[in-house]
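Trainee: Structure below; questions to follow.
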Amino acid sequence: MTSRTPTTVPCLLGPTASGKTAAALALAARHPVEIISVDSALVYREMDIGTAKPTAEERAVAPHHLIDIVDPTDSYSAAQFRADTLRLTGEIHARGRLPLLVGGTMLYYKALTQGLNDLPAADADLRATLDADAAREGWPAMHARLAAVDPVTAARLAPNDSQRIQRALEVFMLTGQAMSALLAAPARVDDAAAAWRFVPVALEPSDRGVLHARIEKRFDAMLANGFVDEVVKLRERGDLSPEMPSMRCVGYRQVWEYLDGAVDYSTMRDKGVFATRQLCKRQLTWLRSMTERVVVDCCDPHATARVLEAIEALL
């Protein structure tokens, strides 16, 4: 039996504020594109302003997938993303249309293209126990507990990073092995992605200062457009907490802190900008590890045209 040549699927990746949406919509104006979002914040409903979610007008240009698919009380894993994206890619291709992956959540992209490690699924009862321990002892104490069983993971986590500390402890308690050891093991091999050749086209800045200025301008625009009110409404639901993955999204945790009275407005704004820049830095580090990527300078005034050229050369 002869193996079929994998079908190329372009993936437009880049840090926040690099111009991905504009380039994707420009491609959609020229090709029958359906966009698959690669963004862990856009999956949440009721979180529009702080996630810079594509507008209704933008989403009318081309079908968008994996946006507004879960409630902020829920979580959405890299494993779910991989399964959904492989399914959607096949469905879009079968319709005779072009799947285009767009986003900046590099953990999702890595799971899609490199497979998944054998980490156990979340255990609600165990998490409740860990939450109760943390409420009694504090997260720094939980961090110390993690350091005793998985010093490698503990060394890269802040003592108040409740979400990741909880997950690392959960993995150890379920498997008896350190999460760092499980992640270092070879990813599980499967053939689910074998039909596709995912090719990253990366929007990266030749001048990081230009991107930082865009980030600052965009965060200020979010605040002007009602970001604080959006978080007020989320808090008023009564079923969300700052420890949930949705409320740990960049910007939301800083506004939540402001609404708690822990910081003033100016400090909240500065912390939000700083956190977004730190996210950008992490995204660029991921991108630069992808030696196979096609790079487009997002500072180039003709960046959108360069992206179109790069993607159309793949088709």
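Glycine is no exception: its Cβ is also placed from the backbone N, Cα and C atoms.
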Trainee: Swiss-Prot tags one of 163-167, 203-207, 238-242 as region 'Interaction with substrate tRNA' - which one?
Mentor: 163-167
Trainee: For the substrate site given as THR16, ALA17, SER18, GLY19, LYS20, THR21, which other residues of the same chain have their Cβ within 8 Å of the site's Cβ centre?
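Mentor: For the substrate site, the extra neighbours are GLY14, PRO15, ALA22, GLY104, LEU203, CYS298.
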Trainee: State the non-local partners of the region 'Interaction with substrate tRNA' (163-167) in its own chain: residues 6+ outside its ends, Cβ under 8 Å from one of its Cβ atoms.
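Mentor: Result: 122, 127, 130-131, 134, 139, 142-143, 146, 153-154, 157, 179, 243, 245, 248.
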Trainee: Around the C-beta of SER18 (ATP binding site), how many further C-beta atoms are within 10 angstroms, looking at every protein chain?
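Mentor: There are 28 such Cβ atoms around SER18 (ATP binding site).
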Trainee: According to DSSP, does THR16 (ATP binding site) fall in a helix, a strand, or coil?
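Mentor: DSSP call for THR16 (ATP binding site): coil, neither helix nor strand.
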Trainee: 10 Å Cβ neighbour count around LYS20 (ATP binding site)?
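Mentor: A count of 24.
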Trainee: Under 8 Å between C-beta atoms and at least six apart in sequence, can you list the same-chain neighbours of THR21 (ATP binding site), or say none if there are none?
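Mentor: Listed in sequence order: ALA52, PRO54, GLU58, VAL102.
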